[in-house]
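Trainee: Mind having a look at this structure? Questions to follow.
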Amino acid sequence: MSTTARKAGFGSVLWDYLTTVDHKKIAILYLIGGFFFFILGGLEAMLIRIQLIVPDNDFLSAQFYNEVLTMHGTTMIFLAAMPLLFALMNIAVPLQIGARDVAFPFVNSLGFWLFFFGGVMLNVSWFVTGAPDAGWTSYAPLSIFSEGHGVDFYSIGLQIAGFGTLMAGINFIVTIVNMRAPGMTYMRMPLFTWTTLIASVLILFAFPALTVGLFQLTFDRLFGANFFNPELGGNAIIWEHLFWIFGHPEVYILILPAFGVFSEVIPTFAKKRLFGYSSMVFATVLIAFFGFMVWAHHMFTVGLGPIANSIFAVATMAIAVPTGIKIFNWLFTLWGGSIRLTSPMVFALGFIPTFTIGGMTGVMLASAAADYQYHDSYFVVAHFHYVIVGGTVLGIFAGLIYWWPKMFGTLLNEKLNHWFFWLFFIGFHLTFFFQHFLGLMGMPRRYWVFGEGQGLDTFNFISTIGAFLMAVGTIVFVYNMVMTQVKGKKVSGDPWDARTLEWAIPSPPPFYNFKQLPLVRGLDPLWIEKTEGNGKMQPAEPLGDIHMPNNSFVPFVMSLGLFIAGFGVMFQGSYWFLAAIGFGLFFGSMIYRSFKDDLGYHIHKEDLEDEKGDGSNG
Amino acid sequence: MADNTNSTSEKQQFYRKKHKEEMKHHVLTFVMMIAFTLIAFGLVMADVSAMFTIPIILIMAAVQVAFQLYYFMHLNQEGHEMPALMIYSGIFAAFLTILALTTIVWW
Amino acid sequence: MADDMLKSENLPQNPERATLEGRNKFMGFWFFLGGETVLFASLFGTYLALKNSNAQGPSAEEIFGLELVFIMTIVLLTSSLTSVYAMYHMKNNDFKKMQLWIGITVLLGLIFLGFEIYEFYHYVHGYEFGYTTSAFSSAFYTLVGFHGAHVAFGLGWFLSLMIRNSKRGINLYNAPKFYIASLYWHFIDVVWVFIFTVVYLMGKVG
């Protein structure tokens with residue numbers, strides 16, 4: 001299937017990707033989509049830093065600065081970090097548990113297209129009435145009184161993307177619960193699979209709160225509801241609660257998979273099994289559990305009262321304990337290992353101190369009394385960039401370089417990767433380390449200028465220089481990705497001499513992944529076979545027909561339907577017909593889908609025997 | 001082969017009997033749910049004091065929901081461990097949400 | 001093998017969970033319901049926070065009439081039982097009776113929805129209690145309306161399943177679909193139990 005499509009022209013490749021339900025191709029789609037928005041969010045960040053390079057700058061207008069700032073945050077969280085993580089989950093998780101695909105291939109594709117159209121919707125706002133300008137948190141009543149349709153694009157665009165995320169989350173939970181290969185018990189699952197499972201559970205329970213919050217915002221702005229309108233009894237604090245009930249688990253959704261990546265990378269390149277595997281699993285579950293009970297630490301200055309603030313402060317500090325367990329486990333894994341300084345490993349080593357600093361400032365922010373000083377200052381900006389860039393983004397890059405061979409069958413240039421790392425890493429610390437001090441000196445976040453003679457000039461200047469270094473690093477990485485694919489030098493199935501199941505099959509894997517499902521004999525199954533067996537996974541079943549799902553164009557049409565409907569709902573009046581068309585497409589696709597049996601097809605045993613992919617390393 | 005079909009039909013009869021018994025439980029559950037509903041509405045219509053009524057009707061709602069989940073939706077049967085875990089996690093998150101929105105918003 | 005999926009003879013015990021696809025649907029749908037719990041909790045929480053914020057508009061005590069709500073409750077509870085009957089006949093591989101009971105469920109759902117529309121109409125025209133009247137009215141209509149939308153979606157779901165499969169029996173391909181549709185229907189009922197208790201009864205008690 002895939003090989004014939006590749007030889008064919010551009011049109012059929014495009015059609016193949018528009019209709020694909022193969023988790024490996026959806027991973028590539030997520031990678032392309034996520035990286036595009038990452039670059040876009042990065043450009044917005046550069047605009048912010050250029051504006052703040054000197055005091056009283058007029059590079060951007062105040063209104064445009066608000067829009068850029070809002071879109072930077074929204075884009076990076078929802079449209080860059082999450083899809084890039086989904087790219088890694090899609091490529092790695094089914095292979096790590098020895099499955100032929102995810103549980104719901106159709107829903108997987110639907111999840112991607114909903115994210116994609118949601119992201120496009122948000123960015124269309126730049127060209128229609130202006131982008132959202134109420135911050136990525138979009139606090140009411142500011143968001144209610146924001147003029148134009150910017151915030152409507154925010155609420156409807158995120159709503160669409162959010163549906164996609166929710167579906168992707170459910171899909172991964174079911175995949176991991178139901179589709180593990182024989183012998184792959186829960187406590188033999190690789191840590192990345194574990195963190196994906198837990199992050200997906202968080203998605204399942206956190207996103208509905210955002211859904212409701214966004215609906216309320218939409219109804220308030222477009223249909224005259226009064227949820228956040230105090231004149232008619234509304235209460236703006238409800239939005240803050242709903243947003244953070246979603247928002248705090250969201251940051252764990254972002255960081256846990258990154259923890260998972262490092263827990264794969266570090267043992268591989270230290271040539272040791274992960275220290276304290278079960279405590280790692282336990283810590284992950286504990287972080288998720290606590291993650292639901294800490295959201296109000298974003299709201300210490302709202303005035304919830306000393307009792308509520310104390311409870312949330314203590315719960316927040318408690319999260320430092322399982323996180324600390326993880327940090328120590330990684331250090332102990334490194335201890336006495338024979339370390340190879342490959343680029344994913346360098347990212348992992350850079351992550352540990354960076355994230356620890358971010359965690360430390362997190363505990364500082366968690367003390368409610370002190371938070372009155374830090375709140376809404378650059379100290380907070382520095383803190384969350386240390387955990388999100390220093391944690392999630394470094395994790396995404398480590399994972400991307402690590403699993404690149406599985407996605408494309410090629411290996412990124414190591415030398416350029418190291419260049420990328422050092423430029424990005426040094427740039428990152430230059431940018432954000434000094435923002436701690438800016439915050440303590442009293443510089444508030446989200447302001448479009450700072451005054452002269454306030455002693456803020458030097459650190460802001462350094463910060464902007466650092467941002468440029470990060471940008472240069474990213475350009476190096478993009479160049480590396482493009483050149484690697486142009487050269488297209490193929491590598492073996494196991495270029496890193498790794499430990500988990502995904503490395504037991506060729507790179508890139510055949511579209512059915514495993515010809516015969518492997519028999520898992522313990523944690524790090526491939527490593528067990530390498531040390532105790534003949535280096536190959538033993539099959540758990542005889543060679544037989546393989547059932548595969550059919551490609552489908554319906555997910556694309558459904559998502560397009562919601563996209564079109566969004567405009568109708570937003571502009572109303574003579575545009576209502578757009579809503580009719582959009583919802584017609586959406587529900588029509590659903591009916592089409594229920595009326596047409598989708599039984600998939602079978603690859604026959606005889607055809608499988610001819611193909612490679614016999615589970616050997618290469 | 002004949003032996004095989006014989007045993008399957010026996011099995012089927014056994015299952016049918018089992019299903020019938022289950023169905024009896026379901027009808028009983030339904031009767032109790034209706035009874036709870038009647039009591040709840042009755043309490044409110046009879047103007048019993050709010051301090052007494054509200055906790056009682058909330059508890060009865062919770063019990064009704066447990067009936068729905070465990071009997072009508074078969075959460076008590078085997079193979080429902082993960083669903084039960086997820087429903088309880090959902091109830092936990094739901095509880096926190098409602099608790100926060102009823103206590104720590106400005107009034 | 002694909003043909004086996006569409007055969008309706010010799011169905012195993014629990015046909016909804018006999019195939020991997022079926023088990024996936026079953027699990028996935030339960031997890032979705034876990035998420036829906038939080039969705040409705042957010043709506044309930046908002047409602048509870050705003051239930052006394054009626055501004056100048058009518059209050060809960062003034063508008064709610066318990067008779068209609070009682071009838072709606074009984075109708076929806078009964079429809080929950082009828083869908084249990086449908087699943088009972090599915091497990092016995094009795095397609096006709098299953099269709100019949102699903103049909104009754106749909107009918108009861110329609111009656112419920114009709115009452116709800118009448119109720120909303122009555123509030124809007126009898127009491128000038130519109131969506132934009134107060135924070136309380138927005139929260140009320142959004143919570144109960146979300147439930148109503150779920151009912152409407154469930155009706156569409158049941159109907160399309162009935163029509164699609166009318167010419168064939170129960171098989172391993174459609175049994176999970178019927179089963180999760182009935183799970184969805186029970187969940188709607190679960191939500192309604194809390195709506196009639198928290199919104200209507202507690203609204204009346206004050």
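Backbone N, Cα and C atoms are what each Cβ position is placed from, and that goes for glycine too.
Quantities reported herein were computed from a predicted structural model and do not represent experimental measurements.
TrEMBL lists A:9-521 with the feature domain 'Cytochrome oxidase subunit I profile'. The transmembrane segment annotation in TrEMBL covers A:27-48, A:68-93, A:105-128, A:191-217, A:237-262, A:274-295, A:307-332, A:344-370, A:382-404, A:458-482, A:553-571, A:577-595 (among others).
I'd like to know what surrounds each of these features in this structure.
Mentor: Counting only same-chain residues 6+ beyond the ends of the transmembrane segment (A:27-48), those with a CB under 8 A from a CB of the stretch are 17, 20, 59-60, 65, 68-69, 71-72, 75-76, 79-84, 86-91, 112, 115-116, 119, 123, 400, 407-408, 467-468, 470-471, 474, 478.
When Cβ-Cβ distances below 8 Å are used as the criterion, the transmembrane segment (A:68-93) is approached by residues 23-24, 26-28, 30-31, 33-35, 37-38, 40-41, 44-45, 47-48, 60, 102, 108, 111-112, 115, 118-119, 122-123, 126, 131-136, 138, 150, 154, 158, 161-162, 165, 168, 172, 175-176, 192-193, 196, 199, 250, 253-254, 257-258, 261, 264, 388, 392-393, 396, 399-400, 403, 406-407, 446, 502 of the same chain, each at least six residues removed from its ends.
Taking Cβ pairs closer than 8 Å, the transmembrane segment (A:105-128) reaches residues 19-23, 26, 29-30, 33, 37, 40, 67, 71, 74-75, 78-79, 82-83, 86, 90, 149-150, 153-154, 156-165, 167-168, 170-171, 549, 552, 554-556, 558-560, 562-563, 566, 593, 598 in its own chain, all 6 or more past its ends.
A Cβ distance under 8 Å defines the sequence-distant neighbours of the transmembrane segment (A:191-217), meaning residues of its chain 6+ beyond its ends; these are 85, 88-89, 92-93, 96-97, 138, 140, 143-144, 151, 155-156, 158-159, 162-163, 165-166, 168-173, 176-177, 225, 227-228, 238-239, 242-243, 245-247, 249-250, 252-253, 256-257, 259-261, 263-264, 274, 277, 280-281, 284-285, 287-288, 291-292, 399.
Tertiary neighbourhood of the transmembrane segment (A:274-295): same-chain residues 187, 191, 194-195, 198-199, 201-202, 205-206, 241, 244-245, 247-249, 251-252, 256, 259, 263, 266-267, 312, 315-316, 318-319, 321-323, 325-326, 329-330, 332-333, 335, 523, selected by CB-CB distance under 8 Å and a gap of 6+ residues from either end.
Only residues 6 or more beyond the boundaries of the transmembrane segment (A:344-370), in the same chain, are considered here, and those with a CB under 8 A from a CB of the stretch are 258, 262, 265-266, 269-270, 297, 300, 306, 309-310, 312-313, 316-317, 320, 323-324, 327, 330-331, 379-380, 382-387, 390-391, 394-395, 397-399, 401-402, 417-418, 421, 425, 428-429, 436, 496.
Remote same-chain partners of the transmembrane segment (A:553-571), defined as residues 6 or more beyond its termini with a Cβ less than 8 Å from a stretch Cβ, comprise 18-19, 106, 109-110, 112-114, 116-118, 120-121, 149, 152-153, 156-157, 159-160, 163-164, 218, 222, 577-586, 588-590, 592-593.
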Trainee: Residue list, the transmembrane segment (A:458-482) vs rest of chain: Cβ under 8 Å, 6 or more residues beyond ends.
Mentor: 39, 42, 45-46, 49-50, 52-55, 397, 412-413, 416-417, 419-432, 434-435, 437-438, 441, 450
Trainee: Can we call the transmembrane segment (A:237-262) and the transmembrane segment (A:382-404) in contact, meaning three or more C-beta pairs below 8 angstroms at a sequence separation of 6+?
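Mentor: Since 3 or more Cβ pairs under 8 Å link them, the transmembrane segment (A:237-262) and the transmembrane segment (A:382-404) do come into contact.
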Trainee: Could you tell me what the rest of the chain brings near the transmembrane segment (A:577-595), counting residues at least six beyond its ends with Cβ under 8 Å?
Mentor: 106, 554, 557-558, 560-569, 571
Trainee: Can you check how the pLDDT averages out over the domain 'Cytochrome oxidase subunit I profile' (A:9-521)?
Mentor: 95
